[in-house]
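Peer 1: Features from TrEMBL:
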DOMAIN    110-187  domain 'Beta-ketoacyl-[acyl-carrier-protein] synthase III N-terminal'
ACT_SITE  Cys116  active site
DOMAIN    237-326  domain 'Beta-ketoacyl-[acyl-carrier-protein] synthase III C-terminal'
ACT_SITE  His253  active site
REGION    254-258  region 'ACP-binding'
ACT_SITE  Asn283  active site
Amino acid sequence: MTQQVFARIAGTGSYLPEKVLTNADLAKIVDTSDEWIATRTGIRERHIAADGQTTGDLAYHAAVRAMEAAGVQASELDLIVLGTTTPDLIFPSTACLVQNRLGANGCPAFDVNAACCGFVYALTIADKFIRSGAARTVLVIGAETLTRMVDWTDRTTCVLFGDGAGAVVLKADTETGILSTHMHADGSKKELLWGPVGVSVGFKPDEPNCGVKIHMSGNDVFKHAVKALDSVVEETLEHNGLDRHDIDWLIPHQANLRIIEATAKRLDMPMDRVIVTVDKHGNTSSGSVPLALDEAVRAGRVQRGQLVLLEAFGGGFTWGSALLRY
Ligand code: COA
């Protein structure tokens, strides 16, 4: 009988650009206040990529740190999967750019676009490659420069987003690792959260609703996110025959503290078992979950052997989860 293989997280890394934009800074640009932003979202500040600093740059630095933590050389990588919705170029993929910079030439590399769920989708794909025996060492990255497509005159969206990247190195392991992953999408709700420009649709910067910017119906997104995350969390527990009290840590997508609290409540989890970085990072889209994971690991909060639940929700809509023994 062939032995079951798991994808175990061998190392984590992350990178945040130097520049910090506080709520007070934003109040100088749009009609808002620290009090409004903090109360409605939990966000106090976010990092902004410098001029010329790209998603690929952030991804590269996060990847180097994850590979150092894992003790893995570029030549050992069998695959690179990068979740992003703000790639450097239309092509080649940002994963290919990072691969070249790492000197990992030869191994397959590709991007996954699932908006804020990009890292969970990328992790799922990497897990399947390892489980099937098609790869043994995989670099998974979530990286974004979403502030590049923020409308800085729209107070309803510009206060929410930040730039950043996180990465993990997965290694095949016969003992333990990712226990299950769950992915979903619903394209019928696309207009509630989208960036409606592109190569095929066209870039028409002067047409209303066609500039390179994020359009969002915040209230609707909020309701759909809470419902979808409730359901995927239930699905994950049921699939693994676990009770909600079995989970040691919840590492949620960092979009809004109130959405995070709703999921924690559903799991009957005290907030000190939930990793929260939204206050310092804002919503870094695909970067958010691996950034939060890396911070929690480096702070010694998430420990080897603990049961960790990751979840995310994003434009598409897309949503998903991963349950792992760290
Ligand atoms: N500062 C001050 N006032 C603001 C504001 C800001 N930055 N943004 C909106 N407002 C105003 C609105 O104009 C509105 O004013 P009105 O009542 O005079 O019309 C009022 O605040 C309430 O707006 P509303 O949209 O109902 O607030 P909300 O409680 O739903 O909070 C969000 C707005 C965006 C914070 C919230 O809906 C949200 O977080 N949604 C999910 C978004 C998300 O996570 N997206 C990414 C998913 S991956």
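The backbone N, Cα and C atoms fix where each Cβ goes, glycine too.
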Peer 1: Cα distance, Cys116 (active site) to Asn283 (active site), nearest Å?
Peer 2: 8
Peer 1: If one measures from the C-alpha of Cys116 (active site) to the C-alpha of His253 (active site), what distance in angstrom results, rounded to a whole number?
Peer 2: 8
Peer 1: Would you count the other CB atoms within 10 A of the CB of Asn283 (active site), including those on all shown protein chains?
Peer 2: 24
Peer 1: Including all protein chains shown, what's the count of other C-beta atoms within 10 A of the C-beta of His253 (active site)?
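Peer 2: By my count, 30.
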Peer 1: List the helix, strand and coil residue totals of the domain 'Beta-ketoacyl-[acyl-carrier-protein] synthase III C-terminal' (237-326) as derived from DSSP.
Peer 2: 37 helix, 22 strand, 31 coil
Peer 1: How many helix, strand and coil residues does the domain 'Beta-ketoacyl-[acyl-carrier-protein] synthase III N-terminal' (110-187) contain under DSSP?
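Peer 2: Reading the DSSP string over the domain 'Beta-ketoacyl-[acyl-carrier-protein] synthase III N-terminal' (110-187) gives 27 helix, 32 strand, 19 coil.
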Peer 1: What mean pLDDT score does the region 'ACP-binding' (254-258) have in the model?
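Peer 2: Averaged over the region 'ACP-binding' (254-258), the predicted model reaches a pLDDT of 98.
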Peer 1: Can you count the other CB atoms that lie within 10 A of the CB of Cys116 (active site)?
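Peer 2: So the Cβ neighbour count for Cys116 (active site) comes to 32.
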